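Have a look at the structure below before the remarks.
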Amino acid sequence: MLSVLNIRLAARIPLLAKSATCHVARPNLAFRPPTRSFWSSTHVEEPPKPPVTKIEVEGVKPEKKKRATKAKAGEKKPKRVVIPKEARPPKGPSSPYIIFFKDQIEEMGIVGKDTLMAMAVKAGENWRALSDEEKATYTTRYRAERDKYKEELGEWFKQADPSTVRELNKKAKRKLRAPKLPGEPRRPPTAFFLYLQERRDQQTSIDNAIAMRDIAIEAGKGWRDMTAEQKTPYKERFNRMLEEYFKKKAAYSSSE
């Protein structure tokens, strides 16, 4: 009687025989590359270009942009206008502290640049040590210089060439303007400034601690929020003041 193991082996013999026939060794075939190119016999394949490395890219310097060329050969540069000393306006007044500092230099004597800084520090200490009454004397001297400067500037404007004034205003940070002479009428403030003055009078009477800058900011917001009807009284008042100004201006000009 066959055992169970023999029966199983007998059942697997056909399968083993079939797999043996499938794995029969095949003869080795030599690989032959194609003798003809895919494109055509006349096509010549170019050698591949070497890849550009990162180092080469970083080593290449970017081309610098050419600077804008200067004036062309045919063009001429504008001549620099030189204003002679006698045609220039008078110098402005010195501040009270500068007047005091000049007095200090005269008292200490002429010194070089090395000791000028030390003198300035010492003069500042002396200025802070002065009382209000002592400082008032320098303020009085400043006002006298200011009034004299306005008179000299007014005389200079009468004789100055307009082109000279324009050239000076191009270079100067602060524009030159003819000062108002005594008795000369002043142009009235605009409608907004009339409104601003009204707001200042109202708020300063309530609280004197309010800064003028804060009042101006609030007045600007209030003016923008006002309607055309609310602005009308200020504009009418400005127009009336402007008419009076032109009349006084004409009378003043004819009296000169």
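Every residue gets a Cβ built from N, Cα and C, even glycine.
Here the DNA-binding region (90-157) has, by DSSP, the following mix of helix, strand and coil residues: 53 helix, 0 strand, 15 coil. Here TrEMBL flags 90-157 (among others) as DNA-binding region.
Regional average pLDDT for the DNA-binding region (185-253) in the model is 86. Positions annotated as DNA-binding region by TrEMBL: 185-253 (among others).
The domain 'HMG box' feature in TrEMBL is assigned to 90-157 (among others).
Broken down with DSSP, the domain 'HMG box' (185-253) shows 56 helix, 0 strand, 13 coil. TrEMBL lists 185-253 (among others) with the feature domain 'HMG box'.
Feature annotation from TrEMBL assigns region 'Disordered' to 167-188.
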